[in-house]
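Structure, as structure tokens:
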């Protein structure tokens, strides 16, 4: 079926020139994660990345606290981040095989772009920490959706290292910051299969 371009504010150029993308509702109906190992280049252009981040920052945020920020991993920065992860892994697993350490080194190298969503909370009499954490999650989901709308594959992942304080310190997070997720973004190398989704009858009740 013919789809029209999604018109995104703050974007200097039409998204994905000569590529048609679905309108908003159709896009949300078909969105699914693409495994990083099934991604390749190219990744988003600088203009597209700015659009993705702008949409990532356009989320519900009770109190206008902005309880999140983004870290961009591109190019050799992905390998440097992998070295941080592998170093901590090796220190905490002294009997680890070289092949296992190599796996940790490559954690961020499959997709051409990885966006870290950092979550933190601020004291506020009307906005509990839970609401602020949910805002960070909404930001991560907006990033995934925006990347998908631009024609890329995207996947929101964590892993043991996302909860390891030594790794977080090595990636530049402050003591009061957490990693809500790493969003891997790239060009799908093959069609991705959908997974079963919950039946509404199983998850919806009426009060």
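Glycine residues also receive a Cβ, built from the backbone N, Cα and C atoms like all the rest.
Nobody curates TrEMBL annotations by hand; they come from automatic prediction.
According to TrEMBL, the features are:
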- 31, 32, 33, 58, 62, 156, 157, 158: FMN binding site (BINDING)
- 31-186: domain 'Nitroreductase' (DOMAIN)
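Overlay of TrEMBL feature records on the structure.
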residue : record           : contacts (Cβ under 8 Å, 6+ apart)
31      : FMN binding site : 144, 145, 148
32      : FMN binding site : 192, 194, 195
33      : FMN binding site : 144, 153, 154, 155, 156, 192
58      : FMN binding site : 142
62      : FMN binding site : 126, 127, 131, 132, 135
157     : FMN binding site : 36, 181, 182, 183, 184
158     : FMN binding site : 179, 181, 182
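The full span of the recorded FMN binding residues, 31, 32, 33, 58, 62, 156, 157, 158, taken as their largest Cα to Cα distance, is 28 Å. All protein chains shown were included, and the count of other CB atoms within 10 Å of the CB of residue 156 (FMN binding site) stands at 17. In this model, the domain 'Nitroreductase' (31-186) carries an average pLDDT of 98.
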